[in-house]
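**Q** Questions regarding the structure given below will be posed in turn.
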Amino acid sequence: MHRWDMRALRRRALGLFACLSVSAALAQTAAPDAKALERGARLIGFCANCHGANGNSTAPEIPNLAGQNPAYLEEQMRRFVDGRRKDPFMSGLIKAMSPAERADAVAYLAAQTMQPSAPPAPAAQIAEGRSYYAKVCFRCHGEQARGDATVPRLAGQQPGYVVKSLKRYRDGTGERLEPVMAANTKMMSDAQIQAVAAYVASLR
Ligand code: HEC
Ligand code: HEC
């Protein structure tokens, strides 16, 4: 199984904070796209410790970022910065990035192809998830779970992360508050949450 050590990664993060503030000072405005992608690729080198190569996470509770909708990624970064979304590690990390660095990272991540790595769930669970999804979730996340500018892509997302996110919305734990998703998860049982997560993880 995948092994990773959060404490070791946090120690490495301290080094990144230092180099981000230097590159923030050097960040340019209005640069051509190819340059933005190049800078984004460099920044993402560190993020890859958790989010995987090219934003494809191999850890069940860490989201894939590859191919995620860019306006959604930007909005989540803003939320980590202003405190509407809280994660002990991500909040500090995103706050340490300049707006230009965030834009470069988003441009790079959105241009990558999602390559899901989660092992397939049992077929019966996926089928249960599919029918729940088709009643409720497709309205915003789309038939193929690709989302749109403000709604995240769920197709191929790490199932452990989807479960964690849905429970947070449902239970109002405070790490992530969003009225729309609170309303849409209120009625979900743990088993339904697991099933929907298995289903969207199986989509490509
Ligand atoms: C130590 C591990 C770690 C590192 C390094 C890391 N992240 Fe994260 N990231 C996470 C975890 C865990 C979450 C999920 C947080 C939650 O549960 O809300 C997350 C969530 C995110 C999200 C929200 C995704 C979504 O689908 O809503 C974005 C965007 C993000 N990270 C960007 C980055 C960027 C950009 C970097 C590099 C500058 C980075 N992360 C580095 C662990 C990490
Ligand atoms: C009315 C529109 C709407 C409906 C219906 C809806 N969602 Fe969402 N969903 C959103 C929006 C908008 C967000 C972004 C919320 C945020 O910023 O936290 C979101 C976020 C999410 C996330 C977090 C994704 C990530 O990358 O962190 C998951 C998981 C999710 N929805 C799953 C579902 C499931 C499963 C259903 C059906 C039970 C559903 N949603 C129904 C609009 C909707």
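A Cβ is built for glycine as well, from the same backbone N, Cα and C atoms used for every other residue.
Curation does not apply to TrEMBL; its annotations are automatic.
According to TrEMBL, the protein carries these features:
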| type | residues | note |
| --- | --- | --- |
| SIGNAL | 1-27 | signal peptide |
| DOMAIN | 35-113 | domain 'Cytochrome c' |
| BINDING | Cys47, Cys50, His51, Met90 | heme c 1 binding site |
| DOMAIN | 124-204 | domain 'Cytochrome c' |
| BINDING | Cys137, Cys140, His141, Met181 | heme c 2 binding site |
**Q** Which binding-site residues from the set Cys47, Cys50, His51, Met90, Cys137, Met181 have a C-beta atom lying less than 6 Å away from ligand 2?
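**A** Cβ < 6 Å from ligand 2, in sequence order: Cys137, Met181.
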**Q** May I ask which of the binding-site residues Cys47, Cys50, His51, Met90 is closest to His141 (heme c 2 binding site) if we compare their C-alpha atoms?
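**A** In terms of Cα distance, His141 (heme c 2 binding site) lies closest to His51.
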**Q** Going by DSSP, give the three-state secondary structure for Met181 (heme c 2 binding site).
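**A** Helix, per DSSP.
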**Q** Which binding-site residues out of Cys47, Cys50, Met90, Cys140 lie by ligand 1, going by a Cβ under 6 Å?
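**A** Near ligand 1, sequence order: Cys47, Cys50, Met90.
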**Q** Provide the number of Cβ atoms within 10 Å of the Cβ of Met90 (heme c 1 binding site), excluding the reference atom itself.
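**A** The answer is 15.
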**Q** Can you give me the residues near the recorded heme c 2 site, meaning same chain, not Cys137, Cys140, His141, Met181 themselves, Cβ no more than 8 Å from the center of the site's Cβ atoms?
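**A** Near the heme c 2 site, beyond Cys137, Cys140, His141, Met181, sit Val136, Phe138, Arg139, Val151, Leu154, Val180, Asn184.
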**Q** Taking the center of the Cβ atoms of Cys47, Cys50, His51, Met90 at the recorded heme c 1 site, which other residues in this chain have a Cβ no more than 8 Å from that point?
**A** Ala48, Asn49, Ser57, Ile62, Leu65, Leu93
**Q** Any idea what DSSP makes of Cys137 (heme c 2 binding site), helix, strand or coil?
**A** coil
**Q** Say we define neighbours as other CB atoms within 10 Å of the CB. Which of the binding-site residues Cys47, Cys50, Cys137, Cys140 has the fewest?
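**A** If we count Cβ atoms within 10 Å for the binding-site residues Cys47, Cys50, Cys137, Cys140, the smallest count is at Cys140.
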**Q** Tell me the Cα distance separating Met181 (heme c 2 binding site) from Met90 (heme c 1 binding site), rounded to the nearest angstrom.
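**A** Counting only the Cα atoms, the answer is 21 Å.
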